[in-house]
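Remarks on the structure that follows.
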Amino acid sequence: MTLSDKLRRKGSKKKEGRVAIHKPIKTKRIFLLSFLFIAILTLLSFDTRYYLGGDNIRYIILAKSIISGQGYRDINEPSSPPHTTYPPGFPLLLIPFLLLFGLSYPLLNLLPLILALFSLFLFFLILKGASEKEELRLISFSLLGTSPIFLLYSHTLLSEIPFLFFTLLTFYLFSQSEKKKSPFLLIASFLSLTFSLFIRTAGIGILPAFSLYLLLKKRYRELITLLILFLLFFLPYFLYNRHLGRGSGYLELFTYKNPYNPEEGKISLTTYLSRFGKNFYLYSFFVFPQTLFPFTLPSPFQFLVGLFSLLLLIISFRKRLKAKDSLYPFYLFFSFFILFSWPEVWTGDRFLLPLFPFLLYYLFLGFDSLFPKRGSLLYLFFGIIALGYLIKDFQGVGENIGINLSRLKGDRYAGYPLDWVRYFQACEWIKEHTERDAVIVARKPEFVYFLTERKSFLYPFTTDPKKIMAKIEEREATHLLFDQFFWTQTSSRYLTPLLNEFSNRFEPIYSTDYPQMIVYQIKR
């Protein structure tokens, strides 16, 4: 070898070394800049308004019940019955924030925001071991952080973000335990998995996913350890609920054709299969395409987006299974099986969020596998989705800033729909004009309790007025709040027959402007 050849070879090695050194630094720099941008975007999107579904308020009430020493009870209801619908994981997470900030809802909303940012960080770390390409890792991370669905739930006091955090923590700890052969990290991952199911029972798909993965890997000792740890915590909770004779509220609602109209009856095998098919269609061709392109899309285009997404996901799943990297596909498979089995009235992006990070990654993995030599197409695909996300994000930020400025100027109801404004006004009247021991029958009773400090309960969903009246008398209700929400007609459907048949028992004492929310005093 000549001297010039040696120098040329030495120079090429230096260049190779320089690339190898600079590449991770570049990735780290992009990650830090992206994370900083997402953190600022998340703060600008922070919404101080109540989430109007009511689950958020129930979590606060349950946490308050634990702090007060009354146990895990619905202290908003007469006689404060034990609570069996939601597992206690999320209320337990809320306790430190309640102790620090009291019932200040905007400050309690910091919990999902903090966990959302930690979830992003964990997702990036997980992809370091799962992704062969840095581009796919950065693309998936960036799109998750800027997606409108992620930003929305990062400031919504619900279990979605906490569940996402603990599932990602589970996967990260488990991957590290495999890498480092650490029993401590393995046990920590199993404990994180178990706690995630005490945040969200519907996330049970993670347990069979891990179990099947360990079974196929013939890691029987670890499988037994996982099941023992899970049962060690779950069995006492299950037996406690069984002892109360109330069972699982969610499981009972699952068996109805329509949880909001029990009189339609229970599901059969035929109706279950129909529900499964409808949910598969809705999530594949409506919900998921809407999370990718969060605008009103023509139906044919939306269908094509869903079809193309399914193709990409199937391609990526096959690739991972061939590589014997089956844990995440198993998790998605079992989770979607449960999701498709859920009542159609609950179909929505809220239940898709905990799966969304992995769906994004597998979507782009499938795209990269389909067009392996077309890197420009990958960036074009990323750019189209990212542009749509940013447009939607900045629209939301602008609206949010306007609402927050109005609230600072004294408009407490800024940003709320008119029907909810009237509902809040009725609650204010109840707080000022009723006795402290008043008991209110209402739709969204958790809001009535939270805003009025009066016990409240939901009327039975039945068109038989006598059954509703019997419940009112049993629980010694003193007032009834008749709502005319735009989004539901349940009060009109179930309470109008009651008011007609027992008109002598109900005296209207307050009414808001349109849409009327009427407060009735119940005569004994």
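Every residue, even glycine, has its Cβ placed from backbone N, Cα and C.
The following features are taken from TrEMBL:
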type	residues	note
TRANSMEM	30-46	transmembrane segment
TRANSMEM	94-127	transmembrane segment
TRANSMEM	148-174	transmembrane segment
TRANSMEM	186-216	transmembrane segment
TRANSMEM	223-240	transmembrane segment
TRANSMEM	292-315	transmembrane segment
TRANSMEM	327-345	transmembrane segment
TRANSMEM	351-371	transmembrane segment
TRANSMEM	376-391	transmembrane segment
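Long-range contacts of the transmembrane segment (186-216) within the same chain, counting only residues at least 6 positions beyond its ends with a Cβ under 8 Å from a Cβ of the stretch, are 87-90, 92-93, 159-160, 162-163, 166-167, 169-174, 177, 222-223, 225-227, 229-230, 233-234, 237, 248, 250, 326-327, 330-331, 333-339, 342, 351, 354. If one looks beyond the transmembrane segment (376-391) by at least 6 residues along the same chain, the residues whose Cβ comes under 8 Å of a Cβ in the stretch are 135, 139, 142-143, 146-148, 292-295, 364, 367-368. Within its own chain, the transmembrane segment (30-46) is flanked in space by residues 109, 113, 116-117, 120-121, 124, 138, 141-142, 145-146, 151-152, 154-155, 393, 396-397, 400-401, which lie at least six positions past its ends and keep a Cβ under 8 Å from the stretch. Most Cβ pairs under 8 Å to the transmembrane segment (148-174), among the stretches 94-127, 223-240, 327-345, 351-371, belong to 94-127. Proximity of distant same-chain residues to the transmembrane segment (223-240), defined by a Cβ-Cβ separation under 8 Å and at least 6 residues beyond the stretch ends, is recorded for 87-88, 186-187, 190-191, 193-194, 197-198, 207, 210-211, 214-215. Residues 31, 35, 38-39, 42-43, 46-48, 50, 59-60, 63-64, 66-67, 136-137, 140-141, 144-145, 150, 153-158, 160-162, 164-165, 168-169, 171-172, 175, 357, 361, 450 of the same chain lie 6 or more positions beyond the ends of the transmembrane segment (94-127) yet place their CB under 8 Å from a CB of it.
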